[in-house]
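TrEMBL has this to say about the protein:
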type	residues	note
ACT_SITE	H65	active site
ACT_SITE	E114	active site
ACT_SITE	H118	active site
SIGNAL	1-25	signal peptide
Amino acid sequence: MKPAAPGRALLCALGLAFCLSCARGLRSSGSHEWKKLIMVHHWPATVCKRAEDGCRDPPDYWTIHGLWADRADSCNRSWPFKLDEIKDLMQDMKMYWPDLLHSSPNSTFLWKHEWAKHGTCAAQLDALGSERKYFGKALDLYRALALNSMLQKLGILPSGGNYYQVSDIKDALTSLYGVAPKIQCLPPEQGEEVQLLGQIELCFTRDLQLRGCAEPGEPAGGAGGAGLAQDLEVCKDGPVFYPPPP
């Protein structure tokens with residue numbers, strides 16, 4: 001058999017390189033590089049305050065909003081969400097990552113959104129390199145951070161009549177985690193006196209080690225999510241209301 005002509009061999013090699021490049025492109029893109037992961041918890045009582053359809057039996061504990069790669073979103077629009085990929089996680093997903101803004105108990109809107117916008121970017125890391133790994137690792141980080149238990153340990157509890165100081169919450173969490181969180185609030189509406197505690201973010205390096213959320217020169221806002229996040233802003237110094245469950 002004759003050896004392949006040099007031109008054909010070159011084309012084959014280039015084709016293989018192109019295919020490998022395409023495969024990597026499913027996981028990563030140079031235009032979507034990011035520095036940190038943001039583990040976002042939100043407080044159901046505050047989320048439900050802005051839900052158009054209301055919330056049905058919202059949890060009385062902090063739930064997951066998402067695991068976000070900063071400075072990147074929707075990295076791979078051709079990587080669809082498939083519910084079967086996380087079938088074994090379903091019990092924990094419904095408990096700790098419920099879709100508060102959509103009334104159907106079987107809604108997957110939030111999970112689809114989080115995967116399309118954030119998961120396909122976080123998948124640059126091998127530890128998060130598939131839909132199953134992304135959601136599974138987010139659940140692991142949520143359990144390891146144990147924000148609900150930490151706040152209870154600090155004596156920071158929902159209350160119908162008392163306000164907290166934003167700086168006290170931030171300082172207390174920093175003392176426990178060793179890094180400063182980002183705390184976000186709903187600003188008071190007309191007739192309201194004080195901002196509402198809505199979201200707490202804790203950040204990780206690409207090696208999944210805790211780190212501070214603030215970046216030098218970073219604007220006060222933060223990465224956006226679905227629905228509620230566009231109404232949130234970094235809490236202003238001063239009092240904050242931590243609303244009890246309805």
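Cβ from N, Cα, C; glycine included.
All TrEMBL annotations are machine predictions without curation.
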Length of the line joining the Cα atoms of H118 (active site) and H65 (active site), in Å: 11
Surrounding CB atoms that lie within 10 Å of the CB of E114 (active site), all protein chains: 26
